[in-house]
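Chemist: This structure is in structure tokens; I'll ask about it shortly.
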């Protein structure tokens with residue numbers, strides 16, 4: 001996936017020259033509070049089936065960038081961990097090795113870049129499950145996207161099990177920002193997402209209102225259907 005369609009990782013490349021002071025991994029507690037099963041996915045981290053009320057914890061090394069956590073819905077996997085999901089599928093694998101297929105609500109992060117973490121919720125790949133992304137030990141902001149987006153999704157963005165971002169459907173620079181920094185701005189369709197989830201990225205260059213920082217060494221909690 002083009003990095004301009006997701007998280008602004010050019011910032012992380014710039015900071016990568018600095019010494020990484022934090023040496024312990026960050027813990028991410030992933031909790032399913034939905035009334036239905038969610039197949040949690042993490043890159044890096046793999047994947048896990050979470051029935052309602054279940055949780056899963058992963059550790060992510062300092063210095064990790066371009067990382068994300070998301071939920072998959074309506075999945076079927078065989079005993080070897082091969083199968084498919086209606087939303088968020090990652091190459092038909094229970095244990096994800098890459099990113100998921102849109103639409104999927106994303107918790108994105110880069111750790112210790114430098115001495116602070118960059119975090120966001122992104123709808124640049126669309127929306128499938130309500131989400132909260134928060135620190136477990138304080139010190140920074142709780143991010144939430146809990147509006148009934150699937151039910152209110154514009155007709156041209158509706159898809160089975162979720163709501164597509166306009167870039168996924170229309171594929172022009174106006175929505176995808178493929179011509180580089182400053183090449184696009186908010187649109188009526190991106191505003192649909194922003195009005196309902198003001199904390200979240202609604203289009204690829206939505207950085208000023210959507211990218212947040214936490215102190216390095218923070219641990220996190222991602223909740224589906226908070």
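Start at 1 and count along the chain as shown; that gives each residue its number.
Just so you know, glycine gets a Cβ as well, placed from its N, Cα and C.
Straight out of Swiss-Prot:
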SIGNAL    1-25  signal peptide
DISULFID  34-225  disulfide bond
DISULFID  75-85  disulfide bond
DISULFID  90-96  disulfide bond
DISULFID  140-214  disulfide bond
DISULFID  145-197  disulfide bond
DISULFID  153-163  disulfide bond
DISULFID  167-176  disulfide bond
DISULFID  177-184  disulfide bond
Chemist: Could you state the whole-number distance in Å separating the C-alpha atoms of residue 225 (disulfide bond) and residue 167 (disulfide bond)?
Modeler: 25
Chemist: What's the CA to CA span in angstrom from residue 214 (disulfide bond) over to residue 145 (disulfide bond)?
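Modeler: Here the two Cα atoms lie 19 Å apart.
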Chemist: Between C-alpha atoms, which of these disulfide-bonded residues comes nearest to residue 90 (disulfide bond): 75, 145, 176, 177, 197?
Modeler: 75
Chemist: To the nearest whole angstrom, what is the C-alpha distance linking residue 34 (disulfide bond) and residue 153 (disulfide bond)?
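Modeler: Residue 34 (disulfide bond) and residue 153 (disulfide bond) have their Cα atoms 20 Å apart.
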Chemist: Which one of the disulfide-bonded residues (34, 140, 163) has its C-beta surrounded by the most other C-beta atoms within 10 angstroms?
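Modeler: Going through 34, 140, 163 one by one, the largest Cβ count within 10 Å is at 163.
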Chemist: Whole-number Å distance between the CA of residue 96 (disulfide bond) and the CA of residue 85 (disulfide bond)?
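Modeler: Cα-Cα distance, residue 96 (disulfide bond) to residue 85 (disulfide bond): 12 Å.
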Chemist: I'd like the Cβ neighbour count for residue 214 (disulfide bond), meaning other Cβ atoms within 10 Å of its Cβ, all protein chains included.
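Modeler: Excluding its own Cβ, residue 214 (disulfide bond) sees 22 Cβ atoms within 10 Å.
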Chemist: In sequence order, which residues at least six apart in the same chain have a CB under 8 Å from the CB of residue 85 (disulfide bond)?
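Modeler: Same-chain residues close to residue 85 (disulfide bond) (Cβ under 8 Å, separated by 6 or more) are 39, 72, 73, 74, 75, 76.
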Chemist: My understanding is the cutoff is Cβ-Cβ under 8 Å with a sequence separation of 6 or more in the same chain; which residues meet that for residue 153 (disulfide bond)?
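Modeler: Same-chain residues close to residue 153 (disulfide bond) (Cβ under 8 Å, separated by 6 or more) are 127, 162, 163, 164.
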Chemist: Between the Cα atoms of residue 145 (disulfide bond) and residue 177 (disulfide bond), what distance do you get, rounded to the nearest Å?
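Modeler: Cα of residue 145 (disulfide bond) to Cα of residue 177 (disulfide bond) measures 23 Å after rounding.
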Chemist: Which disulfide-bonded residues from the set 140, 167, 197 come within 10 angstroms of residue 177 (disulfide bond), judged by C-alpha positions?
Modeler: 167
Chemist: List nothing but the one residue from 145, 176 whose Cβ has the fewest other Cβ atoms within 10 Å; the candidates are the disulfide-bonded residues.
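Modeler: Looking at the disulfide-bonded residues 145, 176, the Cβ with the fewest others within 10 Å is that of 176.
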Chemist: Rank the disulfide-bonded residues 167, 197, 225 by the number of other Cβ atoms within 10 Å of each Cβ, and give the residue at the low end.
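Modeler: Lowest Cβ count within 10 Å among the disulfide-bonded residues (167, 197, 225) is 225.
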Chemist: Measuring C-alpha to C-alpha, could you say which of the disulfide-bonded residues 140, 184, 197 are within 10 Å of residue 176 (disulfide bond)?
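Modeler: Cα within 10 Å of residue 176 (disulfide bond): 184.
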